[in-house]
Every structure is written in structure tokens, then in C-alpha cells.
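> What Swiss-Prot records for 129, 159 is active site, and it gives sequence analysis as the kind of evidence. Annotated active site, tele-phosphohistidine intermediate per Swiss-Prot: 257, in sequence order, evidence recorded as similarity to another entry. The active site, proton donor/acceptor annotation in Swiss-Prot covers 326. What Swiss-Prot lists as ATP binding site is 46-54, 168-173, 348-351, 392-396, 428. Taken from Swiss-Prot, the feature beta-D-fructose 6-phosphate binding site covers 79, 103, 131, 137, 173, 194, 198. Here Swiss-Prot flags 391 as site 'Transition state stabilizer', drawing on similarity to another entry.
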């Protein structure tokens, strides 16, 4: 029996790792065996204009945000790359042999890219976005998954409510490259005919015929669900997420607390109260929210004094969430950046090298914060109009989710004090409106310096530190 390997603490993440010959030991990949962490192939199912691409994009964004490398493969885009100019619905007729040949070629090209992503590039989840309306096509994709050691999970979107279908058709017509510069009525007519091309051969997932498959069926954008054979943790998270999202029009308002006494001094963390300007901002925020005349607005804060003081000025009920508390800076709490550089120069440099994954000694990383904030995202997806009064790092994490920002970009998103961001979800993304409430505040944003080397001089480490008292 081999002797136990030596452990050493990773300086960036502060986790213990086995070492071999002075180097971190890597876990052997066992992709051929379907373990809990083997790749997952999500297969969309449904007629056109049923919200499949909306679901695909939203699911991809969520999984990437929680740290699961995910990519969407839209077969329609592969078709557009091959057939440069879309002419009419006749391309999709079941007796159009040339069309059938090209569509199959596109599906196989997309699956080839799925294999490359999951088996060679370190991807964990691939979302295969196409109609996949026949049992034969789904069997082909399932076999592809089995041959490559992937778990396959089907997501079917069914819409029978004519109002939902009509709304989806408008969204598709507005956003599809197939109908750019086409007359609106002509585009609608063509798209309706395209849907008819699929309807006669459409075979929905069946509780008896498909009882061995893992799937979720979503009826009328979340009115009801059928869930079958959820196989592992990642599939259960996918189901939970899909059962929380909705398409009701709403806005989410994000802002930080008013300027705090420690903000003025350039000190991070702590639990200080508001500065005089911070209290002034609270009054301006109350007036802004009143002027917006928002129906059934929910207000959430952290459990820290500065967010609660800010919310008190609104004179409305609010809910305190511990998970909305600011990132825990551990041993660096209430220190200035200059003091951190002076006392912990190695830590300061490591954080600049990888700000997302760096964990403060006895504290948290942005990566930890994202995991902590997942329940907030789930609840924001369930709710309608919400104002979240939070903190700089927390606001960055929430903003990165809604704007689909990469982990490397997340810790540098600008979230200034005394500014409200109004987020309005739209078809395949989020519209952002930034509203400054005309109360001056200190700048707390620090850009990544050019020199992130451990041996850098102090003046180069501190070059991007904002001015403070």
C-alpha cells in the first residue's frame, strides 16, 4: 500500500492539497465512468416559439455563474452558418430532402462540437438547443451521450396557451436573424408555416414510452411540470432552477448602502454606520423609490447596520438576509489597502493575481460569495419587483449573474455608491439603467494594477488604491 502523500496549503484558496515530488497531485479523469461529476448533456425539446432558446440561454448563464463550465449549442445557428440566406418555411418541409440533409448535417456538427467541449476542453454541461421533436432524433442524441460517457437530461417546453405562443412568436420574429428586414406580417405567416412543418411529426416525451429517460416537461412557461428520473446533483439543481424562473415583466433594483464612516477612511468590511452623506443618500433613495410608483415592491437588505440604516429611510417593510452580508475579509477586516500591503504583502499580491478565487485568511473569496448568494438568485427569479440594498462585492456577484459576466470580470464590475442600477429582463438578456441620485460619495473601486508580482514595490501595489481620508 502506498504511503499517504504530504499535504500543503494552497496559498490562493487556503485549501489543503496532496503534493507529489514538490508539485500538486492531479486527480485522474474518469470520464468514461458516469460518476456524479461526469459531463451532462442537456437536450432541449419542443416546437419553435416555445421558449427553448430563452431557457437554454438562462440555464447556461446560471450554471456558468455557479461555477459549472457550460456552453450552449444552437443548431439553428449552425444552419445559418451553412445556408447564408433564409428564404422560406419550405426549407423545413418533411419532404424537402435537401433541407433534411442539411439539418442533419448541422445537428451532427453541433454534436461534434459538444464532444470537443465536454471531452477535450474541460466543459461540464452542454446545452443542445434544437427542436428534437421526434423519438428517433432523441434516441440518436441519447446514444451519442452514452457512447461518450455523458449523462443526458431532456428539457421539453410545451405551450398550449395561445397567448403564450403568440408572445413567443413576436419575440422570435423580433430577434431571429432569419427575419431581418422582412415585412412583419409576412414574417409571422412564414414562421407559423414553419411551426406546422414540425407539428405532424412531433412526439412529446411520454411517461410510459420514455420512462427510462431523465427529463423535465415545462407546461406554459411554468404553469405545471412533470419531472422524471433525476439522476444526480447537477440535474436536481437544473430542475430546481427551471421551476423558479418566470417571464412576468418586472424590474430588479440594485444599490449599495449609503456611504459609511469606514468608506470615508478607505477601510474594508466592518459594521459601521452611515456617514452624513450616506444618510442624505437614504433620503434621496426614498424619494426615488416613491417617484417610481412600483407595484408590490419587495425590499431586501443584509444584516449589517449600514444597509438597514439605508432601508429605514424608505419607511416601508424590508427583509434582512444574512447571505447578503458583505464578503468576509477575515484577518483584513477594517484595514485599509495600505495596511494590508504593509502587513500582508503576499496576500495583497495573490489577490491581485486572481481576485475571484483568492480567499482572505480566515475569510471568503468571491467564489465563496457566489455560492452563498445562490438562494438570493433563486428567490430573485421567483419574485417580481425587488429592491436589493447590499454591498460592493455582493452587488458585483448579483450583477454578474444578470449580465452574464465571466468570473475574471466579476470582481472588477463598477458598482459606485449612491447609484441605483435598474435591471429589466428582456428576451435573451437584461437591460441596465444606471441612476445616480446626486449625492456625492467617496470612490471605493480599485482596478487591477499592472504589476501583480509578489516581489513588486509597495508604490506599484498601491497605484490603483482610491483616495480616502
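Every residue gets a Cβ built from N, Cα and C, even glycine.
Small disclaimer: the values here were computed from a predicted structure and weren't measured.
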> Reported as an integer number of Å, what is the Cα distance between residue 46 (ATP binding site) and residue 131 (beta-D-fructose 6-phosphate binding site)?
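Counting only the Cα atoms, the answer is 5 Å.
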> Using residue 54 (ATP binding site) as the reference point, find which of the recorded positions 103, 131, 391 has the shortest Cα-to-Cα distance to it.
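It is 131, whose Cα lies nearest.
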> When the Cα-Cα distance from residue 50 (ATP binding site) is computed for each of the recorded positions 103, 159, 257, which gives the smallest value?
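Closest by Cα: 159.
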> Can you check which residue among the binding-site residues 131, 171 has the largest number of Cβ atoms within 10 Å of its own?
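Answer by Cβ density within 10 Å: 131.
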> Specify the nearest of the recorded positions 129, 159, 171, 349, 393 to residue 326 (active site, proton donor/acceptor), where nearness means the distance between Cα atoms.
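Nearest in space to residue 326 (active site, proton donor/acceptor), counting only the recorded positions, is 393.
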> Most Cβ neighbours within 10 Å: which of the binding-site residues 54, 198, 428 is it?
54
> Hey, how far is residue 391 (site 'Transition state stabilizer') from residue 257 (active site, tele-phosphohistidine intermediate), Cα to Cα, in Å?
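So the alpha carbons of residue 391 (site 'Transition state stabilizer') and residue 257 (active site, tele-phosphohistidine intermediate) sit roughly 7 Å from each other.
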> Sort the recorded positions 79, 129, 159 by C-alpha distance from residue 349 (ATP binding site) and give me just the closest.
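It is 129, whose Cα lies nearest.
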> Please report how many Å separate the Cα atom of residue 159 (active site) from that of residue 131 (beta-D-fructose 6-phosphate binding site), as a whole number.
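That separation, Cα to Cα, works out to 14 Å.
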> Check residue 129 (active site) against DSSP and tell me helix, strand or coil, would you?
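It is in a strand.
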> Nearest to residue 171 (ATP binding site) by Cα distance: which of the recorded positions 103, 129, 257 is it?
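Checking each of 103, 129, 257 against residue 171 (ATP binding site), the shortest Cα distance is to 129.
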> Determine, using Cα-Cα distances only, which of these recorded positions is closest to residue 194 (beta-D-fructose 6-phosphate binding site): 129, 257, 393, 428.
129
> Measuring Cα to Cα, how many angstrom lie between residue 428 (ATP binding site) and residue 198 (beta-D-fructose 6-phosphate binding site)?
24
> Restricting to the same chain and to sequence separations of six or more, state which residues have a Cβ under 8 Å from that of residue 393 (ATP binding site).
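Listed in sequence order: 326, 327, 366, 369, 411.
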> Between the Cα atoms of residue 198 (beta-D-fructose 6-phosphate binding site) and the residue listed as 'active site, tele-phosphohistidine intermediate', what distance do you get, rounded to the nearest Å?
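Residue 198 (beta-D-fructose 6-phosphate binding site) to the residue listed as 'active site, tele-phosphohistidine intermediate', Cα-Cα distance: 52 Å.
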> Going along the chain, which residues six or more apart from residue 103 (beta-D-fructose 6-phosphate binding site) have their CB under 8 A from its CB?
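Same-chain residues close to residue 103 (beta-D-fructose 6-phosphate binding site) (Cβ under 8 Å, separated by 6 or more) are 75, 79, 92.
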